[in-house]
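What TrEMBL records for this protein:
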type     : residues : note
TRANSMEM : 21-40    : transmembrane segment
TRANSMEM : 82-102   : transmembrane segment
TRANSMEM : 123-147  : transmembrane segment
TRANSMEM : 159-181  : transmembrane segment
TRANSMEM : 188-215  : transmembrane segment
TRANSMEM : 235-254  : transmembrane segment
TRANSMEM : 293-312  : transmembrane segment
TRANSMEM : 343-363  : transmembrane segment
TRANSMEM : 384-410  : transmembrane segment
TRANSMEM : 430-449  : transmembrane segment
TRANSMEM : 456-474  : transmembrane segment
TRANSMEM : 499-520  : transmembrane segment
Amino acid sequence: MTAVGTGAMARVQWRTGWRGILGWTFGLLAVLGISAVSVLDLYQTPAQIQTYEASTSSGAMAMLNGDVAGTDTIGGILANEFGFVVAFFVPLMAIALVARSTRRDEEAGRLELLLASRIGRQAPLVAAIVVALLALAALALGVLVLVASSEASTGGAALYAAALFALGAVYVGVAAVLAQLVEHNRSVWAAGLAVVVLAYLLRGVGAVQDSGLIWASPLGWYDRVAPFGEEPRPWVLLLSAALATVLIGGALVLSARRDVGAALLPARRAPARATGLLRSPFGLALHEHRGPILGWVVIALALMGTYGALAGDVLEAMESNPDLAQYIGAGGGEQILEQVEGLFVMMLAMLAAALVIQAVGSLRSEESTGRLEAQLVEGRTRPAWLAVHVLVVAVGAVLALLLGGLVLGLTTSASLADDAWTARLLGASVPHLSSTLFFLGLAVALFGLAPRWRSLAWVVFGAGALLAWMGPALDLPTWLVEASPFAAVGILPAEDVDLAGVAVLVGLGLVLLVAGVVGFRRRDVPQQ
(Lines of atoms letter the chains of each structure in order from A; the text may use other names.)
(Lines give C-alpha, C1' and ligand atoms only; values in the text may rest on other atoms or scores of the structure.)
Protein backbone atom coordinates (compact mmCIF):
# COMPACT_ATOMS: atom_id res chain seq x y z
CA MET A 1 0.00 0.00 0.00
CA THR A 2 1.98 2.99 -1.30
CA ALA A 3 1.46 6.56 -2.37
CA VAL A 4 3.30 6.15 -5.70
CA GLY A 5 1.81 8.48 -8.28
CA THR A 6 0.55 11.07 -5.81
CA GLY A 7 1.79 13.89 -8.04
CA ALA A 8 0.00 12.47 -11.06
CA MET A 9 -3.20 12.03 -9.06
CA ALA A 10 -2.98 15.60 -7.78
CA ARG A 11 -2.70 16.86 -11.37
CA VAL A 12 -5.70 14.75 -12.40
CA GLN A 13 -7.74 16.09 -9.49
CA TRP A 14 -6.79 19.65 -10.37
CA ARG A 15 -7.66 19.22 -14.06
CA THR A 16 -11.04 17.67 -13.27
CA GLY A 17 -11.92 19.85 -10.30
CA TRP A 18 -10.29 23.23 -10.84
CA ARG A 19 -13.63 24.98 -11.25
CA GLY A 20 -14.77 23.86 -7.82
CA ILE A 21 -11.43 24.69 -6.20
CA LEU A 22 -11.33 28.19 -7.66
CA GLY A 23 -15.03 28.68 -7.04
CA TRP A 24 -14.71 27.93 -3.33
CA THR A 25 -11.49 29.94 -2.91
CA PHE A 26 -12.37 33.08 -4.82
CA GLY A 27 -16.03 32.92 -3.84
CA LEU A 28 -15.15 33.07 -0.15
CA LEU A 29 -12.52 35.74 -0.74
CA ALA A 30 -15.08 37.83 -2.64
CA VAL A 31 -17.60 37.57 0.21
CA LEU A 32 -14.99 38.45 2.82
CA GLY A 33 -13.68 41.27 0.64
CA ILE A 34 -17.14 42.84 0.35
CA SER A 35 -17.49 42.57 4.12
CA ALA A 36 -14.12 44.23 4.67
CA VAL A 37 -14.96 47.15 2.37
CA SER A 38 -18.26 47.69 4.18
CA VAL A 39 -16.61 47.52 7.61
CA LEU A 40 -14.00 50.11 6.64
CA ASP A 41 -16.72 52.39 5.31
CA LEU A 42 -18.95 52.06 8.39
CA TYR A 43 -16.39 52.21 11.22
CA GLN A 44 -13.98 55.06 10.62
CA THR A 45 -13.92 56.81 14.01
CA PRO A 46 -13.25 55.63 17.59
CA ALA A 47 -16.86 56.46 18.51
CA GLN A 48 -18.22 54.25 15.74
CA ILE A 49 -15.93 51.40 16.76
CA GLN A 50 -17.01 51.76 20.40
CA THR A 51 -20.66 51.61 19.34
CA TYR A 52 -19.96 48.42 17.40
CA GLU A 53 -18.20 46.86 20.39
CA ALA A 54 -21.21 47.61 22.60
CA SER A 55 -23.66 46.20 20.07
CA THR A 56 -21.78 42.89 19.78
CA SER A 57 -21.04 42.30 23.45
CA SER A 58 -24.16 40.20 23.95
CA GLY A 59 -24.71 36.49 24.28
CA ALA A 60 -26.74 36.56 21.08
CA MET A 61 -23.83 37.70 18.98
CA ALA A 62 -21.47 35.27 20.70
CA MET A 63 -23.86 32.44 19.91
CA LEU A 64 -23.97 33.36 16.22
CA ASN A 65 -20.44 34.57 15.45
CA GLY A 66 -18.40 33.22 18.34
CA ASP A 67 -16.60 34.81 21.26
CA VAL A 68 -14.39 37.15 19.22
CA ALA A 69 -11.72 39.08 21.09
CA GLY A 70 -10.67 42.59 20.13
CA THR A 71 -13.89 43.97 18.68
CA ASP A 72 -12.61 47.41 19.70
CA THR A 73 -10.19 47.17 16.75
CA ILE A 74 -10.75 46.97 13.00
CA GLY A 75 -9.19 43.52 12.96
CA GLY A 76 -11.57 42.26 15.63
CA ILE A 77 -14.57 43.75 13.82
CA LEU A 78 -13.52 41.97 10.63
CA ALA A 79 -13.09 38.68 12.51
CA ASN A 80 -16.55 39.07 14.03
CA GLU A 81 -18.19 39.89 10.70
CA PHE A 82 -16.42 36.94 9.08
CA GLY A 83 -17.49 34.65 11.94
CA PHE A 84 -20.61 33.03 10.51
CA VAL A 85 -19.16 32.56 7.02
CA VAL A 86 -15.96 31.00 8.34
CA ALA A 87 -17.82 28.75 10.79
CA PHE A 88 -19.81 27.04 8.03
CA PHE A 89 -18.24 27.64 4.64
CA VAL A 90 -14.57 26.94 5.41
CA PRO A 91 -15.42 23.48 6.86
CA LEU A 92 -17.81 22.81 3.96
CA MET A 93 -15.09 23.80 1.49
CA ALA A 94 -12.73 21.27 3.07
CA ILE A 95 -15.36 18.52 3.06
CA ALA A 96 -16.38 19.25 -0.55
CA LEU A 97 -12.85 19.12 -1.93
CA VAL A 98 -11.93 15.89 -0.16
CA ALA A 99 -15.24 14.08 -0.79
CA ARG A 100 -15.19 14.93 -4.47
CA SER A 101 -11.83 13.30 -5.12
CA THR A 102 -12.26 10.30 -2.84
CA ARG A 103 -15.63 8.73 -2.14
CA ARG A 104 -17.45 10.25 -5.14
CA ASP A 105 -14.89 8.98 -7.65
CA GLU A 106 -14.77 5.66 -5.85
CA GLU A 107 -18.55 5.30 -5.86
CA ALA A 108 -18.66 6.03 -9.60
CA GLY A 109 -15.98 3.42 -10.36
CA ARG A 110 -13.44 5.93 -11.67
CA LEU A 111 -10.99 5.31 -8.86
CA GLU A 112 -10.76 1.60 -9.63
CA LEU A 113 -9.80 2.40 -13.22
CA LEU A 114 -7.06 4.75 -12.05
CA LEU A 115 -5.68 2.21 -9.60
CA ALA A 116 -5.36 -0.30 -12.44
CA SER A 117 -2.49 1.85 -13.73
CA ARG A 118 0.79 2.60 -11.97
CA ILE A 119 -0.89 4.42 -9.10
CA GLY A 120 -0.36 3.44 -5.47
CA ARG A 121 -3.34 2.49 -3.31
CA GLN A 122 -2.91 5.55 -1.08
CA ALA A 123 -2.13 8.03 -3.84
CA PRO A 124 -5.72 9.24 -4.51
CA LEU A 125 -6.38 9.95 -0.83
CA VAL A 126 -3.01 11.63 -0.27
CA ALA A 127 -3.50 13.74 -3.40
CA ALA A 128 -7.00 14.78 -2.31
CA ILE A 129 -5.67 15.86 1.09
CA VAL A 130 -2.76 17.78 -0.45
CA VAL A 131 -4.98 19.56 -3.00
CA ALA A 132 -7.49 20.53 -0.30
CA LEU A 133 -4.76 21.83 2.00
CA LEU A 134 -3.21 23.85 -0.83
CA ALA A 135 -6.60 25.39 -1.62
CA LEU A 136 -7.04 26.29 2.05
CA ALA A 137 -3.53 27.75 2.11
CA ALA A 138 -4.41 29.93 -0.89
CA LEU A 139 -7.58 31.04 0.89
CA ALA A 140 -5.63 31.83 4.07
CA LEU A 141 -3.04 33.80 2.09
CA GLY A 142 -5.80 35.81 0.44
CA VAL A 143 -7.39 36.50 3.83
CA LEU A 144 -4.00 37.60 5.19
CA VAL A 145 -3.59 40.14 2.39
CA LEU A 146 -7.21 41.26 2.74
CA VAL A 147 -7.12 41.79 6.52
CA ALA A 148 -3.61 43.29 6.60
CA SER A 149 -4.63 45.85 3.98
CA SER A 150 -7.71 46.81 6.03
CA GLU A 151 -5.90 48.81 8.73
CA ALA A 152 -5.52 45.74 10.97
CA SER A 153 -2.18 44.79 12.50
CA THR A 154 -0.02 42.60 10.27
CA GLY A 155 0.79 40.24 13.12
CA GLY A 156 -2.86 39.82 14.01
CA ALA A 157 -3.77 39.30 10.36
CA ALA A 158 -1.12 36.57 10.02
CA LEU A 159 -2.33 34.82 13.17
CA TYR A 160 -5.94 35.07 12.00
CA ALA A 161 -5.09 33.55 8.62
CA ALA A 162 -3.20 30.74 10.36
CA ALA A 163 -6.22 30.03 12.57
CA LEU A 164 -8.48 29.88 9.50
CA PHE A 165 -6.13 27.44 7.76
CA ALA A 166 -5.88 25.28 10.88
CA LEU A 167 -9.68 25.15 11.13
CA GLY A 168 -9.95 24.02 7.53
CA ALA A 169 -7.21 21.42 8.01
CA VAL A 170 -9.19 19.80 10.82
CA TYR A 171 -12.16 19.32 8.50
CA VAL A 172 -9.92 17.97 5.75
CA GLY A 173 -9.06 15.26 8.26
CA VAL A 174 -12.71 14.79 9.20
CA ALA A 175 -13.73 14.33 5.56
CA ALA A 176 -10.82 11.97 4.88
CA VAL A 177 -11.86 9.73 7.78
CA LEU A 178 -15.53 9.79 6.79
CA ALA A 179 -14.62 8.80 3.23
CA GLN A 180 -13.20 5.56 4.65
CA LEU A 181 -16.08 4.86 7.01
CA VAL A 182 -19.17 5.33 4.83
CA GLU A 183 -20.06 3.93 1.43
CA HIS A 184 -21.67 6.84 -0.40
CA ASN A 185 -20.61 10.39 -1.21
CA ARG A 186 -23.86 11.80 0.14
CA SER A 187 -23.18 9.98 3.43
CA VAL A 188 -19.81 11.76 3.66
CA TRP A 189 -21.64 15.04 3.18
CA ALA A 190 -24.38 14.20 5.68
CA ALA A 191 -21.97 13.07 8.39
CA GLY A 192 -19.63 15.98 7.67
CA LEU A 193 -22.46 18.49 7.95
CA ALA A 194 -23.50 16.91 11.24
CA VAL A 195 -19.95 17.40 12.56
CA VAL A 196 -19.97 21.04 11.40
CA VAL A 197 -23.31 21.73 13.10
CA LEU A 198 -22.23 19.98 16.30
CA ALA A 199 -19.05 22.05 16.46
CA TYR A 200 -21.09 25.22 15.86
CA LEU A 201 -23.51 24.33 18.65
CA LEU A 202 -20.75 23.49 21.12
CA ARG A 203 -18.97 26.76 20.36
CA GLY A 204 -22.22 28.73 20.64
CA VAL A 205 -23.31 27.19 23.95
CA GLY A 206 -19.82 27.60 25.40
CA ALA A 207 -19.67 31.25 24.31
CA VAL A 208 -23.09 32.15 25.74
CA GLN A 209 -22.50 30.37 29.05
CA ASP A 210 -18.80 31.33 29.18
CA SER A 211 -17.98 27.70 29.95
CA GLY A 212 -15.20 25.28 29.09
CA LEU A 213 -17.51 23.69 26.53
CA ILE A 214 -16.07 26.06 23.95
CA TRP A 215 -12.81 24.09 24.11
CA ALA A 216 -14.64 20.97 22.90
CA SER A 217 -15.08 22.48 19.42
CA PRO A 218 -12.51 23.26 16.70
CA LEU A 219 -14.46 26.50 16.20
CA GLY A 220 -13.82 27.28 19.85
CA TRP A 221 -10.10 26.83 19.27
CA TYR A 222 -10.36 29.13 16.26
CA ASP A 223 -11.89 31.82 18.50
CA ARG A 224 -9.48 31.25 21.37
CA VAL A 225 -6.48 32.10 19.20
CA ALA A 226 -7.69 35.70 19.70
CA PRO A 227 -5.42 37.22 17.03
CA PHE A 228 -6.71 40.75 17.66
CA GLY A 229 -7.19 40.49 21.41
CA GLU A 230 -4.98 41.93 24.11
CA GLU A 231 -3.45 38.49 24.76
CA PRO A 232 -3.25 36.42 21.57
CA ARG A 233 -2.81 32.65 22.03
CA PRO A 234 -0.84 31.27 19.07
CA TRP A 235 -0.26 28.04 21.01
CA VAL A 236 -3.92 27.09 20.46
CA LEU A 237 -3.01 26.46 16.82
CA LEU A 238 -1.13 23.39 18.04
CA LEU A 239 -4.44 21.82 19.11
CA SER A 240 -5.86 22.12 15.60
CA ALA A 241 -2.60 20.95 14.05
CA ALA A 242 -2.48 17.91 16.33
CA LEU A 243 -6.10 16.94 15.66
CA ALA A 244 -5.70 17.40 11.90
CA THR A 245 -2.56 15.25 11.93
CA VAL A 246 -4.27 12.48 13.90
CA LEU A 247 -7.33 12.51 11.63
CA ILE A 248 -5.32 12.48 8.40
CA GLY A 249 -3.03 9.75 9.72
CA GLY A 250 -6.05 7.76 10.84
CA ALA A 251 -7.65 8.12 7.41
CA LEU A 252 -4.53 6.73 5.74
CA VAL A 253 -4.47 3.77 8.11
CA LEU A 254 -8.16 3.06 7.55
CA SER A 255 -7.76 3.37 3.79
CA ALA A 256 -5.11 0.65 3.82
CA ARG A 257 -7.44 -1.72 5.65
CA ARG A 258 -10.41 -1.74 3.31
CA ASP A 259 -11.15 -2.79 -0.25
CA VAL A 260 -11.67 -0.31 -3.06
CA GLY A 261 -15.38 0.47 -3.33
CA ALA A 262 -16.09 -0.84 0.16
CA ALA A 263 -16.51 0.98 3.48
CA LEU A 264 -15.63 0.12 7.05
CA LEU A 265 -19.26 0.86 7.95
CA PRO A 266 -21.12 -0.69 5.00
CA ALA A 267 -24.64 0.37 4.20
CA ARG A 268 -27.37 -1.83 5.63
CA ARG A 269 -28.51 -4.49 3.21
CA ALA A 270 -32.02 -4.18 1.85
CA PRO A 271 -34.51 -6.98 2.52
CA ALA A 272 -34.72 -9.76 -0.06
CA ARG A 273 -38.34 -8.91 -0.91
CA ALA A 274 -39.83 -5.45 -1.28
CA THR A 275 -42.89 -4.51 0.73
CA GLY A 276 -46.07 -3.37 -0.95
CA LEU A 277 -45.25 0.26 -0.17
CA LEU A 278 -41.77 -0.04 -1.66
CA ARG A 279 -43.21 -1.40 -4.91
CA SER A 280 -45.27 1.77 -5.34
CA PRO A 281 -43.78 4.94 -6.92
CA PHE A 282 -44.38 6.93 -3.74
CA GLY A 283 -42.88 4.25 -1.51
CA LEU A 284 -39.76 3.97 -3.66
CA ALA A 285 -39.27 7.74 -3.67
CA LEU A 286 -39.78 7.83 0.09
CA HIS A 287 -37.21 5.05 0.53
CA GLU A 288 -34.65 6.96 -1.54
CA HIS A 289 -35.08 10.29 0.25
CA ARG A 290 -35.92 9.30 3.82
CA GLY A 291 -32.31 9.16 5.04
CA PRO A 292 -31.26 12.65 3.90
CA ILE A 293 -34.62 14.12 4.94
CA LEU A 294 -34.32 12.59 8.39
CA GLY A 295 -30.79 13.95 8.69
CA TRP A 296 -31.84 17.50 7.78
CA VAL A 297 -34.81 17.33 10.16
CA VAL A 298 -32.59 16.17 13.03
CA ILE A 299 -30.11 18.99 12.34
CA ALA A 300 -32.94 21.53 12.27
CA LEU A 301 -34.41 20.27 15.54
CA ALA A 302 -31.00 20.19 17.24
CA LEU A 303 -30.12 23.74 16.19
CA MET A 304 -33.50 25.24 17.00
CA GLY A 305 -33.79 23.37 20.29
CA THR A 306 -30.37 24.60 21.41
CA TYR A 307 -31.00 28.18 20.34
CA GLY A 308 -34.39 28.30 22.01
CA ALA A 309 -33.04 26.85 25.25
CA LEU A 310 -30.43 29.62 25.39
CA ALA A 311 -32.91 32.47 24.88
CA GLY A 312 -33.11 33.20 28.60
CA ASP A 313 -29.32 33.29 28.93
CA VAL A 314 -29.09 35.62 25.94
CA LEU A 315 -31.67 38.04 27.34
CA GLU A 316 -30.04 38.00 30.78
CA ALA A 317 -26.61 38.66 29.26
CA MET A 318 -27.95 41.65 27.33
CA GLU A 319 -29.73 43.16 30.32
CA SER A 320 -26.77 42.66 32.67
CA ASN A 321 -24.25 44.31 30.34
CA PRO A 322 -24.16 48.02 31.31
CA ASP A 323 -22.53 49.15 28.06
CA LEU A 324 -25.05 47.24 25.98
CA ALA A 325 -27.95 48.37 28.16
CA GLN A 326 -26.96 51.98 27.58
CA TYR A 327 -26.67 51.31 23.85
CA ILE A 328 -30.08 49.64 23.36
CA GLY A 329 -32.07 51.61 25.94
CA ALA A 330 -34.91 50.50 28.21
CA GLY A 331 -36.83 47.51 26.89
CA GLY A 332 -34.36 47.13 24.05
CA GLY A 333 -33.40 43.63 25.13
CA GLU A 334 -36.80 42.26 24.12
CA GLN A 335 -36.59 44.00 20.75
CA ILE A 336 -33.11 42.64 20.05
CA LEU A 337 -34.26 39.19 21.14
CA GLU A 338 -37.03 39.37 18.53
CA GLN A 339 -34.43 40.20 15.90
CA VAL A 340 -32.23 37.33 17.06
CA GLU A 341 -35.13 34.88 17.02
CA GLY A 342 -35.90 36.15 13.52
CA LEU A 343 -32.36 35.20 12.49
CA PHE A 344 -32.90 31.72 13.93
CA VAL A 345 -36.11 31.33 11.91
CA MET A 346 -34.23 32.53 8.83
CA MET A 347 -31.53 29.92 9.50
CA LEU A 348 -34.28 27.32 9.70
CA ALA A 349 -35.54 28.43 6.28
CA MET A 350 -32.01 28.03 4.94
CA LEU A 351 -31.90 24.45 6.22
CA ALA A 352 -35.22 23.68 4.50
CA ALA A 353 -33.93 25.19 1.26
CA ALA A 354 -30.69 23.20 1.50
CA LEU A 355 -32.78 20.05 1.99
CA VAL A 356 -34.71 20.51 -1.25
CA ILE A 357 -31.62 21.45 -3.28
CA GLN A 358 -29.70 18.41 -2.04
CA ALA A 359 -32.62 16.02 -2.46
CA VAL A 360 -33.56 17.14 -5.97
CA GLY A 361 -29.89 17.18 -6.94
CA SER A 362 -29.61 13.52 -5.95
CA LEU A 363 -32.07 12.65 -8.74
CA ARG A 364 -29.21 13.18 -11.16
CA SER A 365 -27.52 10.05 -9.81
CA GLU A 366 -30.72 8.09 -10.50
CA GLU A 367 -30.38 9.18 -14.11
CA SER A 368 -26.63 8.69 -14.53
CA THR A 369 -26.64 5.19 -13.01
CA GLY A 370 -29.48 3.96 -15.24
CA ARG A 371 -31.99 3.39 -12.46
CA LEU A 372 -34.29 6.05 -13.89
CA GLU A 373 -34.50 4.31 -17.28
CA ALA A 374 -35.33 1.03 -15.56
CA GLN A 375 -38.29 2.67 -13.84
CA LEU A 376 -39.52 4.44 -16.97
CA VAL A 377 -39.69 1.24 -19.03
CA GLU A 378 -42.30 -0.04 -16.58
CA GLY A 379 -44.82 2.33 -18.12
CA ARG A 380 -44.40 5.28 -15.76
CA THR A 381 -44.30 8.69 -17.43
CA ARG A 382 -41.49 11.13 -16.79
CA PRO A 383 -43.72 13.85 -15.28
CA ALA A 384 -45.30 11.29 -12.94
CA TRP A 385 -41.90 10.00 -11.81
CA LEU A 386 -40.61 13.51 -11.15
CA ALA A 387 -43.84 14.64 -9.45
CA VAL A 388 -43.68 11.82 -6.90
CA HIS A 389 -40.10 12.71 -5.96
CA VAL A 390 -40.94 16.41 -5.74
CA LEU A 391 -43.89 15.59 -3.47
CA VAL A 392 -41.73 13.54 -1.08
CA VAL A 393 -39.04 16.23 -0.97
CA ALA A 394 -41.62 18.98 -0.41
CA VAL A 395 -43.21 17.09 2.48
CA GLY A 396 -39.78 16.60 4.05
CA ALA A 397 -38.97 20.30 3.75
CA VAL A 398 -42.30 21.31 5.28
CA LEU A 399 -41.68 18.95 8.20
CA ALA A 400 -38.18 20.36 8.76
CA LEU A 401 -39.42 23.95 8.67
CA LEU A 402 -42.55 23.60 10.79
CA LEU A 403 -41.16 21.12 13.32
CA GLY A 404 -38.07 23.30 13.67
CA GLY A 405 -40.25 26.36 14.25
CA LEU A 406 -42.32 24.47 16.81
CA VAL A 407 -39.24 23.27 18.71
CA LEU A 408 -37.71 26.75 18.63
CA GLY A 409 -40.96 28.17 20.01
CA LEU A 410 -41.36 25.54 22.73
CA THR A 411 -37.78 25.82 23.98
CA THR A 412 -37.84 29.63 23.84
CA SER A 413 -41.11 29.66 25.80
CA ALA A 414 -39.62 27.33 28.40
CA SER A 415 -36.43 29.39 28.67
CA LEU A 416 -38.27 32.72 29.03
CA ALA A 417 -41.29 31.34 30.93
CA ASP A 418 -43.54 32.94 28.32
CA ASP A 419 -45.87 30.61 26.39
CA ALA A 420 -46.63 33.25 23.77
CA TRP A 421 -43.32 32.58 22.03
CA THR A 422 -44.46 29.14 20.84
CA ALA A 423 -47.22 30.45 18.59
CA ARG A 424 -45.14 33.46 17.52
CA LEU A 425 -42.16 31.44 16.31
CA LEU A 426 -44.21 28.66 14.75
CA GLY A 427 -46.21 31.32 12.93
CA ALA A 428 -42.99 33.07 11.89
CA SER A 429 -41.76 29.91 10.16
CA VAL A 430 -44.87 29.50 7.98
CA PRO A 431 -44.21 32.42 5.54
CA HIS A 432 -40.75 30.98 4.87
CA LEU A 433 -42.46 28.10 3.07
CA SER A 434 -42.47 30.49 0.12
CA SER A 435 -38.65 30.59 -0.02
CA THR A 436 -38.59 26.79 0.26
CA LEU A 437 -40.98 26.57 -2.71
CA PHE A 438 -38.76 28.94 -4.69
CA PHE A 439 -35.66 26.80 -4.17
CA LEU A 440 -37.62 23.62 -4.87
CA GLY A 441 -38.74 25.12 -8.17
CA LEU A 442 -35.22 26.30 -8.99
CA ALA A 443 -33.70 22.87 -8.31
CA VAL A 444 -36.38 21.11 -10.38
CA ALA A 445 -35.99 23.60 -13.25
CA LEU A 446 -32.24 23.03 -13.38
CA PHE A 447 -32.70 19.25 -13.24
CA GLY A 448 -35.28 19.32 -16.02
CA LEU A 449 -33.72 21.93 -18.29
CA ALA A 450 -29.96 21.93 -17.64
CA PRO A 451 -28.90 19.08 -15.32
CA ARG A 452 -25.21 19.82 -15.82
CA TRP A 453 -25.81 23.24 -14.24
CA ARG A 454 -27.68 21.92 -11.20
CA SER A 455 -24.98 23.27 -8.86
CA LEU A 456 -26.17 26.76 -9.83
CA ALA A 457 -28.92 26.27 -7.25
CA TRP A 458 -26.24 26.19 -4.54
CA VAL A 459 -24.76 29.43 -5.90
CA VAL A 460 -28.15 31.16 -5.64
CA PHE A 461 -28.60 29.65 -2.18
CA GLY A 462 -25.21 30.89 -0.99
CA ALA A 463 -25.72 34.38 -2.39
CA GLY A 464 -29.19 34.61 -0.85
CA ALA A 465 -28.00 33.37 2.53
CA LEU A 466 -25.09 35.82 2.67
CA LEU A 467 -27.21 38.79 1.60
CA ALA A 468 -29.89 38.02 4.18
CA TRP A 469 -27.49 37.23 7.01
CA MET A 470 -24.76 39.83 6.53
CA GLY A 471 -26.44 42.50 4.40
CA PRO A 472 -28.04 44.56 7.20
CA ALA A 473 -24.89 44.55 9.34
CA LEU A 474 -22.84 45.69 6.35
CA ASP A 475 -25.37 48.42 5.53
CA LEU A 476 -26.01 47.05 2.04
CA PRO A 477 -28.88 48.68 0.10
CA THR A 478 -32.29 47.51 1.28
CA TRP A 479 -33.36 46.47 -2.22
CA LEU A 480 -30.30 44.24 -2.49
CA VAL A 481 -30.89 42.56 0.86
CA GLU A 482 -34.57 42.02 0.08
CA ALA A 483 -33.60 40.40 -3.22
CA SER A 484 -32.59 37.41 -1.12
CA PRO A 485 -35.37 34.79 -0.96
CA PHE A 486 -34.69 34.45 2.77
CA ALA A 487 -35.12 38.18 3.50
CA ALA A 488 -37.95 38.84 1.05
CA VAL A 489 -40.61 37.81 3.58
CA GLY A 490 -39.18 39.97 6.39
CA ILE A 491 -37.34 39.26 9.66
CA LEU A 492 -40.07 37.39 11.49
CA PRO A 493 -41.43 37.84 14.16
CA ALA A 494 -39.69 41.22 14.60
CA GLU A 495 -41.36 42.58 11.46
CA ASP A 496 -44.68 42.16 9.69
CA VAL A 497 -44.87 39.61 6.90
CA ASP A 498 -44.04 41.08 3.49
CA LEU A 499 -46.99 39.66 1.54
CA ALA A 500 -45.65 40.98 -1.75
CA GLY A 501 -42.39 39.12 -1.19
CA VAL A 502 -44.28 35.93 -0.35
CA ALA A 503 -46.38 36.26 -3.51
CA VAL A 504 -43.34 36.79 -5.73
CA LEU A 505 -41.54 33.76 -4.28
CA VAL A 506 -44.60 31.53 -4.64
CA GLY A 507 -45.16 32.69 -8.21
CA LEU A 508 -41.53 32.16 -9.21
CA GLY A 509 -41.46 28.78 -7.50
CA LEU A 510 -44.54 27.53 -9.36
CA VAL A 511 -43.29 28.81 -12.73
CA LEU A 512 -39.91 27.15 -12.21
CA LEU A 513 -41.58 23.88 -11.17
CA VAL A 514 -43.68 23.79 -14.33
CA ALA A 515 -40.68 24.69 -16.49
CA GLY A 516 -38.66 21.90 -14.91
CA VAL A 517 -41.33 19.26 -15.46
CA VAL A 518 -41.86 20.33 -19.09
CA GLY A 519 -38.13 20.41 -19.74
CA PHE A 520 -37.63 16.97 -18.21
CA ARG A 521 -40.42 15.54 -20.38
CA ARG A 522 -38.76 16.85 -23.55
CA ARG A 523 -35.05 16.27 -22.98
CA ASP A 524 -32.99 13.13 -23.49
CA VAL A 525 -32.68 10.60 -20.67
CA PRO A 526 -29.94 10.11 -19.72
CA GLN A 527 -28.45 13.47 -20.69
CA GLN A 528 -24.70 13.66 -20.46
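Positions of Cβ are set from backbone N, Cα and C atoms, glycine also.
Contact between the transmembrane segment (21-40) and the transmembrane segment (499-520) is absent: fewer than three CB pairs lie under 8 Å, with pairs separated by 6 or more positions in sequence. Tertiary neighbourhood of the transmembrane segment (293-312): same-chain residues 59, 63, 190, 193-194, 197, 201, 204-205, 208-209, 337, 341, 344, 347-348, 351-352, 354-355, 358-359, 392-393, 396, 399-401, 403-405, 407-417, 421, 425, selected by CB-CB distance under 8 Å and a gap of 6+ residues from either end. By number of Cβ pairs under 8 Å, the transmembrane segment (499-520) is matched best by 430-449 from the list 235-254, 343-363, 384-410, 430-449, 456-474. By the Cβ criterion (under 8 Å, sequence separation of 6 or more), the transmembrane segment (82-102) is in contact with the transmembrane segment (188-215), since 3+ such pairs are found. When the stretches 123-147, 188-215, 384-410 are ranked by Cβ pairs under 8 Å to the transmembrane segment (235-254), first place goes to 123-147.
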